[in-house]
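Now, the feature entries from TrEMBL:
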- 283: active site, proton donor (ACT_SITE)
- 308: active site (ACT_SITE)
- 421: active site (ACT_SITE)
Ligand code: PA5
């Protein structure tokens with residue numbers, strides 16, 4: 001089964017003129033791509049980066065599924081508390097695939113915005129029937145911990161001290177950290193955040209899989225799609241899809257200063273996926289490199305909504321962008337515009353299949369961009385299925401890793417994020 005393909009025709013100069021990559025530039029980059037591949041294999045094998053192997057981590061998968069079974073039996077809502085990499089993947093999975101007949105209602109809290117949080121704290125009925133999954137690898141993130149401590153207090157008020165312990169699932173560093181310590185003292189169930197997987201690379205660890213399973217998502221399907229990408233990566237090596245995607249983006253940056261990288265799914269259920277992408281691309285690749293500051297700026301868009309908004313800029317504004325579309329071959333619902341009772345002015349739309357409208361809009365936008373010499377590519381998935389979403393996650397995590405190697409930056413740290421966290425703490429210390 002082909003869960004994902006990458007159509008790169010419009011990335012090249014034969015489709016989009018002087019601002020596209022020349023075919024030979026990709027072949028010239030082969031040696032660098034091979035070195036990048038070798039380096040990634042090294043960090044995969046020595047365990048420095050664990051995300052490559054998550055799709056086959058049977059122990060981690062089983063523990064996420066078992067914990068979700070226990071939660072599903074006892075509660076009807078799951079409240080996930082986390083931010084950044086501890087939030088976005090689970091949100092993406094739930095938006096795309098949640099099955100309300102099979103699973104719990106899954107809700108998210110990521111920002112300590114009192115107006116968003118207060119209604120949940122005030123809803124004792126919701127809290128009585130809710131499992132709380134607090135997710136923080138470090139166990140010390142201000143937003144997450146402050147939200148958790150506040151929800152916990154409301155939970156204790158609603159169900160009592162003893163009972164609340166059974167409702168809390170803590171996803172954190174299994175060895176260390178203040179949340180881990182608190183979980184042990186309070187006898188909360190701990191779900192082990194893999195040590196060698198960073199937040200934004202944790203989509204297919206217990207971080208994403210526990211909420212996914214609670215939401216009734218086909219977790220095995222997610223992993224099958226991801227494993228398919230990883231198997232192909234190992235087989236195709238430097239010419240795998242994620243490696244080629246990264247090479248074309250690195251060439252666009254180096255040769256044409258095209259360093260704004262837009263992701264535009266033509267599927268409402270994938271709008272959060274574009275937000276997840278924005279984090280992995282920005283936080284992994286925006287870095288200091290000696291005395292230079294480097295990195296692409298990711299933009300999340302949505303088709304066709306943003307055809308009536310951002311596309312004007314992409315088409316006629318500065319030629320500093322690469323647009324990637326996601327096209328869904330088959331939607332899970334079939335809808336047509338009615339055939340009868342349509343005024344003549346709308347005769348073009350009579351009986352039109354909505355899927356055809358979506359496909360024509362994407363193709364039209366891609367062609368127009370290419371004609372305006374704006375490089376663009378299309379990721380195609382057969383449908384918004386668990387397998388294809390798993391493949392998309394693994395594809396982008398892997399492409400990010402290749403980009404990091406090609407750009408010569410460490411894709412796995414986030415010193416800029418850490419310094420912001422420190423500054424906020426200093427401000428708050430001045431308040432107390
Ligand atoms: O990708 C990352 O590492 C970050 O976005 C983190 O996920 C985010 O800062 C939250 O960190 P933590 O899981 O430690 O609470």
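Yeah, the Cβs are placed from backbone N, Cα and C, and that goes for glycine too.
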(message) I'm trying to understand the geometry here, so how far is the Cα atom of residue 421 (active site) from the Cα atom of the residue listed as 'active site, proton donor', in Å to the nearest whole number?
(response) 14
(request) Tell me the Cβ neighbour count for residue 308 (active site), meaning other Cβ atoms within 10 Å of its Cβ, over all protein chains shown. (result) 8
(message) Roughly how many Å lie between the Cα atoms of the residue listed as 'active site, proton donor' and residue 308 (active site), rounded to a whole value?
(response) 28
(message) Say we define neighbours as other CB atoms within 10 Å of the CB. Which of the active-site residues 283, 421 has the fewest?
(response) 421
(message) For residue 308 (active site), which of the three DSSP-derived states applies: helix, strand, or coil?
(response) helix
